[in-house]
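Residues annotated as active site in Swiss-Prot: 179, 381, 438. Per Swiss-Prot, the feature disulfide bond maps to 88-344, 245-263, 288-313; the stated evidence is similarity to another entry. What Swiss-Prot records for 137, 170, 246 is N-linked glycosylation site. The signal peptide annotation in Swiss-Prot covers 1-25 and is backed by sequence analysis.
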């Protein structure tokens, strides 16, 4: 057989295999396509949701929700969003309370006018197994889960998810999240970089983490100064909270099941003065008194601007919506090993001591590898206050020898100050979001969208109206 004919046949075979692979992937993704969510207004973009099995032997599967970009999805990046906890849902919190296209309102969904899928294809992942609709056939899979397991599972998820959606393979990929995602996001990004050394699968373009847990002592001990500076605790209590028992010491003792009498005394006094009617995740706002959830998990923002109203019990509505059978059917979701979908898992046994393991060093390794890192903080959050995050970013910049390229200054959203920002080198940025809570996109959606656009574009935040 002539050489040219052999080459032609080989090329044809390769093209045929590629075509078959594409057809197979199309069938897989088509099965996950959402026709329409109950109560949803008409939209022009596609939605998908379903499962990716990350462990066939133990039947461990992670649940995802993809909201493609409102316009030109083919030309826009893919953004993975992870909520923290550990053990809280990126579907219920991220997609349906923060930056997704819809928010529940009674029996219907209303459009989020500041949804992040205006700028990107948004992928929300319920992780680890045991969170939300993600499940395992054996309850033992929910025990002893830790950061290492979660990072590996998230990597496997992405590898297999790309088999369903190969059209996203070469797309610019960003990883974002908040709170304990200060562990999830850097750890996943680190594994992706390591994997790319052999396989070059991920087109990672940057990470963004909001009010993130990055270094146990610095993050949590900044709470005392925040409480005091905002008038939530008295001078004597502030002194006790910084000298007799700081918050990282209390948490460390609490996680080990042996809280000292001194820490019990100090935290009791702090609790009395701050009161249980203050949302620690947003100290300026009201709480949802009849909430079916723990108060500490409810984000209750005030109106962002004149004429805008916000439901302070939004998480209640999300819980009710996602527990509807018709909604679960539309999402291709099912409950395994639990009777009810919850915002934060009540079956997951996570290794709480992992919170004490710093990830700021991993963030530094990402910066050195050329991955842009954006750390942002809602300035009304007392749980992971901006002061701790700002200190950590500044310290990291000094350790890496990065010069300041954007001096500390205000940035604008519309005709108002959106917050303050500083940039080091070309890869490390910090910003505050004025008036925002722990969950920035929920409490300040317009400002969060401005920040998100700048992050995706690799640009400094606006310094003019």
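The backbone N, Cα and C atoms fix where each Cβ goes, glycine too.
On the structure: features taken from Swiss-Prot.
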| residue | record | Cβ within 10 Å |
| --- | --- | --- |
| 88 | disulfide bond | 24 |
| 137 | N-linked glycosylation site | 14 |
| 170 | N-linked glycosylation site | 10 |
| 179 | active site | 25 |
| 245 | disulfide bond | 22 |
| 246 | N-linked glycosylation site | 20 |
| 263 | disulfide bond | 20 |
| 344 | disulfide bond | 20 |
| 381 | active site | 29 |
| 438 | active site | 24 |
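On a Cα basis, residue 438 (active site) lies 21 Å away from residue 246 (N-linked glycosylation site). According to DSSP, residue 344 (disulfide bond) is assigned to a strand segment.
Not a single one of the recorded positions 137, 170, 245, 263, 344 has a C-alpha within 10 angstroms of the C-alpha of residue 179 (active site). Within 10 Å of residue 438 (active site), as judged by C-alpha distances, the recorded positions found are 381; the full candidate list was 88, 245, 381. Between residue 263 (disulfide bond) and residue 170 (N-linked glycosylation site), the C-alpha separation comes to 52 Å. In this structure, the CA atom of residue 344 (disulfide bond) is 19 Å away from the CA atom of residue 381 (active site).
Cα of residue 137 (N-linked glycosylation site) to Cα of residue 170 (N-linked glycosylation site): a distance of 33 Å. The shortest Cα-Cα distance from residue 381 (active site) to any of the recorded positions (88, 170, 245) is found for 88. Taking only the Cα positions, the spacing between residue 170 (N-linked glycosylation site) and residue 245 (disulfide bond) is 50 angstrom. Between the CA atoms of residue 245 (disulfide bond) and residue 88 (disulfide bond) there is a gap of 28 Å. Secondary structure at residue 263 (disulfide bond), taken from DSSP and collapsed to helix, strand or coil, is helix.
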